[in-house]
Each structure stands twice: as structure tokens, then as C-alpha cells.
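Below is one structure; the comments refer to it alone.
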Amino acid sequence: MKITTWNVNSLNVRLPQVQNLLADNPPDILVLQELKLDQDKFPAAALQMMGWHCVWSGQKTYNGVAIVSRSVPQDVHFGLPSLPDDPQRRVIAATVGGVRVINVYCVNGEALDSPKFKYKEQWFAALTEFVRDEMTRHGKLVLLGDFNIAPADADCYDPEKWYEKSTVRPSNGSGFKICWIWD
């Protein structure tokens, strides 16, 4: 199974490139982050005309995630159960071809002393809980998307500039541990 993940940073702007990808080098599943459009503005018809099925959670200006696939996504879930009132559209999950696909656009968190960093820690804890639960219910699972982290120098174009920011090796180590929850 071929899965492609892409932070499009505005699906309205990148729609022609997304369509080209789907036509010229089609994956089985495409997951998109940072749609930056309202729920009712998602270009489902344009993608469906190309033979693709779509599920999405849109949010104007910020956030938004989608799963686009050849087969119909089943058992679709939006958001994180332990953050039911969170207005940010950052998580979508669905089963496609027998594989549970979890697509995330993770919180940036800004500076380590920012209130947004506290939110990031809460959000990652909720994501960890959700993924652990999904792992108990699904034999095959993939977690992918934009994690807004750079745990190693090689992951950042200028590690010295970004060192100890919320996305690059924060001293408390929070955030990226989600990647290793299946130890």
C-alpha cells in the first residue's frame, strides 16, 4: 500500500498540484494537513470526479485534515475523544483497505513558556491516549501527518536557530514521544 502525506498549507492554493499528483503518481491513500478552508468549501466534487473518495475536517484560516483514497473510508472519526470541546480541526481517522489511518496536524506550541506550549502538551497527551486506544481495536494502523517537531538536527535546516524551541528538541522532551508509544 502506498500512502502519501502532504501539508498543503491551503488546499485552495494547492488543488491543481494535488490533482496532478493523484493523476500522475497516485497513491492508494493521500492524507492532507493544513487545509485552511471551511468544512463546506472542501473540493470533494473535483476529487470525486477523478475517482477518489474523501473524508475531511475543515477549518478556515488554520488547520484542517483530510483522507483521500481509492476505496471508501470506513469508521471515520474526527478529533480527540479526551478533548471533545477542542475547536481545532487537527485529527481525522478512518479505516481504508483494512488499515486504520490516523492523519494529524499537530500543535506547534510556539515558545516553551507560551500558554500554547501547555496546550501542545495536553494535546499530545490526548493524541497518545487516542492512538493507544485505536491500536487495541485495529490490527493494522498507521499514524502520519505533520507532527510539527524536529527531534534531531537533521530534521531542521538551521538547528542552532531553532534549538530549544517547541518544535526542536525541547528540554522537557514532550511532543515527539508519541512516535514511540508502541514500545
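Any Cβ shown, glycine's included, is placed from N, Cα and C.
No curator has checked TrEMBL annotations; they are predicted automatically.
What TrEMBL lists as domain 'Endonuclease/exonuclease/phosphatase' is 5-162. The Mg(2+) binding site annotation in TrEMBL covers Asn7, Glu34, Asp146, Asn148. As annotated by TrEMBL, site 'Transition state stabilizer' applies to Asn148.
Long-range neighbours of Asp146 (Mg(2+) binding site) (same chain, six or more residues apart, CB within less than 8 Å of its CB): Thr5, Asn7, Gln33, Glu34, Val104, Tyr105, Cys106.
In this structure, the binding-site residues under consideration are Asn7, Asn148, and the one with the smallest number of other Cβ atoms within 10 Å of its Cβ is Asn7. Within 8 Å of the centroid of the Cβ atoms of Asn7, Glu34, Asp146, Asn148, where the record puts Mg(2+), the same chain has further Cβ atoms from Asn9, Gln33, Tyr105, Cys106, Gly145, Phe147. Counted within 10 Å of its Cβ, the other Cβ atoms near Glu34 (Mg(2+) binding site) come to 21, all protein chains included.
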